[in-house]
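What Swiss-Prot annotates here:
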BINDING   D21, L22, N23, R36, H59, L60, G61, R62, R113, R146  substrate binding site
BINDING   K197, E319, G345, G346, D347, T348  ATP binding site
Amino acid sequence: MPILKMSELDLAGKRVLIREDLNVPLKNGEITDDTRIRASLPSIQQAMQAGAKVMVMSHLGRPTEGEFDAAFSLAPVAGYLSHLLGQEVRLAPDWLEGMAVEKGQLVLCENVRFNRGEKKNDEALAKKMAALCDIYVMDAFGSAHRAQASTHGVAKYAPVACAGPLLAGELEALGKALENPARPLVAIVGGSKVSTKLTVLESLSQVVDQLIVGGGIANTFIAAADYNVGKSLYEADLVGTAKQLRTAAQEGGGDIPLPVDVVCGQEFSENAEAVLKRIGKVTDEDMIFDIGPETSKHFAEILKGAGTIVWNGPVGVFEFDQFGEGTKALALAIAESPAFSIAGGGDTLAAVAKYGVGDQVSYISTGGGAFLEFLEGKQLPAVAILEERASQ
């Protein structure tokens, strides 16, 4: 269903309330990764340049709802935005009571989670937010899977509700990757547990041509193929499920390829010695931490021949260099592949940054949970309400 886009509206002189995802990591009050702030900049600048009175709201961390806590204040973000925009960005602590904003100016609303009722999508709170604006812009893809007052409720009651450029771009890229993909469609799903990504694996295994699994997830599939995984992280209770998923994928003409060689260690540490082994030679004392070079080469060939690639999660413990070669090889293969590629999820973005392939991945998603729920085929509440408003 279509949604209204901010780019289609005349914003001049209008009070525009934008929900961004500025939930950035902080250390001693300093921002350690500004990716989300930079991703939101084009939307904010577009509204300011159009002569709108711009108000931006976001959450930060997980404070006790309804209570101010300086550790979760957006003050560092306001300072950072001032620096990037080259003009003062005021932080408004009691913004729900209304605030004066000039045309072309930006005010940052203090952490939405300091308001009681935010997470529960409280109607009275949502109406207060809606009363602040002429146009509400949902631009926080990273929070689109949450039905909260600042992502969902406000869109119900604002005079006009639309999608910002970042959200619109995410939906377009994900649609291109999953709704009408160029084939073969290859997905990489890494991570420690099958249980947390089971619905993603089930959903993707039915639509992709090849599903490459990595990390602890791969260990469960290796165990399902009756190989010893030693002391590796895996889920014994989901071995049967992994077997069924692989069989179903193969019956549908696809596959979940398994490693032929792996890199093992005896302890989880950056000093652990990396030992290369054939998959059938893993001992009871071993822990599998990465895929081996032969497997990397095989998976890289699959990626280079793909039409579309969806990447969510590393295939090894890449934060330790000796167990990062597999993830590095796949990152470089994705970069070299002519396929349309989309990467999402925190660990994935860290791998993209570590191996310097950001410019060669077609689209980098800012969403973690929202990215996964989209992959599961779930309706995102914040998008659903925009569709509903557009059809009224």
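Note: Cβ is positioned from N, Cα and C throughout, glycine not excepted.
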Fewest-neighbour residue among binding-site residues, criterion Cβ within 10 Å, set D21, E319, D347: E319
When distances run from the Cα of N23 (substrate binding site) to each of the binding-site residues K197, G346, D347, T348, the nearest one: G346
Set of same-chain residues at least 6 away whose C-beta sits under 8 angstroms from T348 (ATP binding site): G190, W311, N312, G313, P314
Spatial separation of G346 (ATP binding site) from G61 (substrate binding site) - C-alpha basis, Å: 15
DSSP state at T348 (ATP binding site), helix/strand/coil: helix
Spatially closest candidate among D21, H59, R113, the listed binding-site residues, to E319 (ATP binding site) (Cα to Cα): D21
Substrate site, defined by D21, L22, N23, R36, H59, L60, G61, R62, R113, R146: further same-chain residues with Cβ within 8 Å of the Cβ centre: S58, N111, V112, S143
Between G346 (ATP binding site) and R113 (substrate binding site): CA-CA distance (Å): 22
Neighbourhood of G346 (ATP binding site) by C-beta distance under 8 A, where only residues 6 or more apart in the same chain count: G368
Protein Cβ atoms within 10 Å of G345 (ATP binding site), excluding its own: 23
When distances run from the Cα of D21 (substrate binding site) to each of the binding-site residues K197, G345, D347, the nearest one: G345
Between H59 (substrate binding site) and G345 (ATP binding site), the C-alpha gap once rounded to whole angstrom: 18
